Amino acid sequence: MKEVKPSKKPLAIYYAIVLLVLLVINLVVMPWLAERQVQEVDYGTFMSMTEQENIGKVDIQSNQIIFTDKDNKQIYKTGLMNDPSLTERLYDAGAQFSSEIVEQGSPVLSFLLWFVLPILLFSFIGNQMNKKLMEKAGGGPGSMMFGGAGKSNAKVYVQSTHGIRFADVAGEDEAKENLQEIVNYLHDPKQYEEIGASMPKGILLVGPPGTGKTMLAKAVAGESNVPFFSISGSEFVEMFVGMGASKVRDLFKQAKEKAPCIVFIDEIDAIGQKRNSGQFGGNDEREQTLNQLLTEMDGFEGNTGVIILAATNRPDSLDPALTRPGRFDRRVPVELPDLKGREEILKVHAKKVKIAPGVDFNTVARMASGASGAELANIVNEAALRAVRAGRKSVTQADLEESIEVVIAGYQKKNSILTDHEKCIVAYHEIGHALVAAKQSNSAPVQKITIIPRTSGALGYTMQVDEGNHYLMNKAELENKIATLTGGRAAEEVAFNSITTGASNDIEQATKLARAMLTRYGMSDEFDMVALETVNNQYLGGDTSLACSAQTQREIDQKVVELVKTQHEKAIRILTENRAKLDELAQYLYQKETITGEEFMDILNRDDAENKPENP
């Protein structure tokens, strides 16, 4: 269902129209109206009025004579004749000679032209400016300052939006099952009413960005075949106090008129944040809007037949009164997809492009570990663009794998030229990561190693791909991961006896992981199972904050240094013991710039079958 949007004319057009009207009035209308006040007479009449001494003021011009009667009430004009005695007769008649006779118009007409008309014109301009202001403030087209600013901007859909159905949403089976129950209830409510079950009044979709919360809502719109109201939380917040609450009332009024129906509020955290009693001005616009929403969802009147569907990636910031049962009875997590989910999502998006035979989506899904649905869609699109640039008619496995690297690390920097020495350092650095990982047990296999610079700033990277899903990691696995992160710096020390700035990101990740082991995972004998750190906004990066004393923080810092240092020494020991393989692999990578995991393992295991992975 397409929304018809009103045309938005710039305000300058209205100013131009007003100026044009004023110019026409001054140049055409006013002279024409003034001209009608002057009565044209023949010269004989002028002479007759002179003889009767009925002449007031006279203005003799080059081609005409303008004069008034004795009382100066009427203005006359006549042609100029060759009459030498005219001046004497005018003197005898008592006429007054004037250089200019003011052509006074009607007082009523002057009042209308110079007072009423400007007021009307500027009232028109003010009206248009007010409409524009209300449109920008969210009041919608045609709204007045207090007449329509509280109208809801919700879009109403009766049928599917762009043909989206549950079949088009993959990787979120649990969420679809919860939402399918709503669709079934709307289609056949009797089977639920017979047993005494009632439908949840509200369902809250929570999860990281890009996991498909809005897509699921669109699928509900496509499956339900009932009126579907869609609005963003930010559209309720207005610059005028009370307008947001008015919009909430108007939205639910429309929804109740079309019940049964579904109301979808995207990014509900924009209006549903926790109320703070210590906030300056406890009656602000956002709080009024939230209070009205709480009343509409579970107030005195109720909202029978209206199901609320909302989405947010900040559930911790929502007001408890909003998330309690009776308002949002059900919380549906929409998490990042697992391996099977990523493969299904890739296949759904691959239907829109031409895929070459032999593409292994399972391998691509394993390489894209941790990717959201939006990122997977972007990967498929990047692969299609790469195929077009290469002049191919279909997307190949190589296109998909390269697009993953584009999403993770950016495009290749074709104009970035490293010196031979820098290129050699980067080769040793990346082989150091891969070699330390390969020589430890329970490490993810190496998929690819490259020293081609990327637009993200990375001069190279080592890609490891897990063979399956892992939901738990033990202490030894985390320590091995820290050792792998320090492997790049360790290789520089072993090969060149010097260090560079290339390990900055590795240092950051290793420190973050070591600190989490101590403060969040309880993997320390000194602190045991004590939570020393809290995570905020888990779906938006997971910012952390320490919840301990200053003395404990110093002890944590010391333990973090000890843990990272121990794993760094372990990485140096592994590389020193395998120095020959380190040199061989680094030289091979230096020459080829990009090698696969199979090539890496073939060289590593060549004439080295007796070396077994080191047990941590």
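Using the three backbone atoms N, Cα and C, a Cβ is placed for every residue, glycine included.
Just so it is clear, the model here is predicted, and its values are computed rather than measured.
Annotated in TrEMBL:
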ACT_SITE  E430  active site
BINDING   G207, P208, P209, G210, T211, G212, K213, T214  ATP binding site
BINDING   H429, H433, D506  Zn(2+) binding site
DOMAIN    199-338  domain 'AAA+ ATPase'
TRANSMEM  12-34  transmembrane segment
TRANSMEM  108-126  transmembrane segment
*List of residues, in chain order, with Cβ under 8 A from that of P208 (ATP binding site) and at least 6 apart*: N313, E335, L336, S372, Y539, L540
*Specify all same-chain residues, apart from the site residues H429, H433, D506, whose Cβ lies within 8 angstroms of the center of the Cβ atoms of the Zn(2+) site, ordered by sequence.*
E430, G432, T462, L485, T486, G487, G488, R489, A491, G502, A503
*Per 10 Å Cβ neighbour count, which of the recorded positions E430, D506 ranks highest?*
E430
*What are the DSSP helix/strand/coil residue counts across the domain 'AAA+ ATPase' (199-338)?*
55 helix, 29 strand, 56 coil
*Fill in the CA-CA distance, D506 (Zn(2+) binding site) to K213 (ATP binding site), as an integer in Å.*
33
*About how far apart, in whole Å, are the alpha carbons (Cα) of T211 (ATP binding site) and H429 (Zn(2+) binding site)?*
34
*Cβ-Cβ neighbours of H433 (Zn(2+) binding site) (radius 10 Å)*: 28
_Tell me which of the binding-site residues T211, T214 sits in the most Cβ-dense spot, judged by other Cβ atoms within 10 Å._
T211
*When the Cα of E430 (active site) is compared with the Cα of each of the binding-site residues G207, G210, G212, which one is closest?*
G210
*asked:* Whole-number answer please: how many Å between the C-alpha atoms of T214 (ATP binding site) and H429 (Zn(2+) binding site)?
replied: 42
_Set of same-chain residues at least 6 away whose C-beta sits under 8 angstroms from P209 (ATP binding site)_ = N313, S372, A374, Y539, L540
*Hey, for the ATP site built from G207, P208, P209, G210, T211, G212, K213, T214, who else sits with CB inside 8 A of the CB center?*
A311, N313, V334, S372, G373, A374
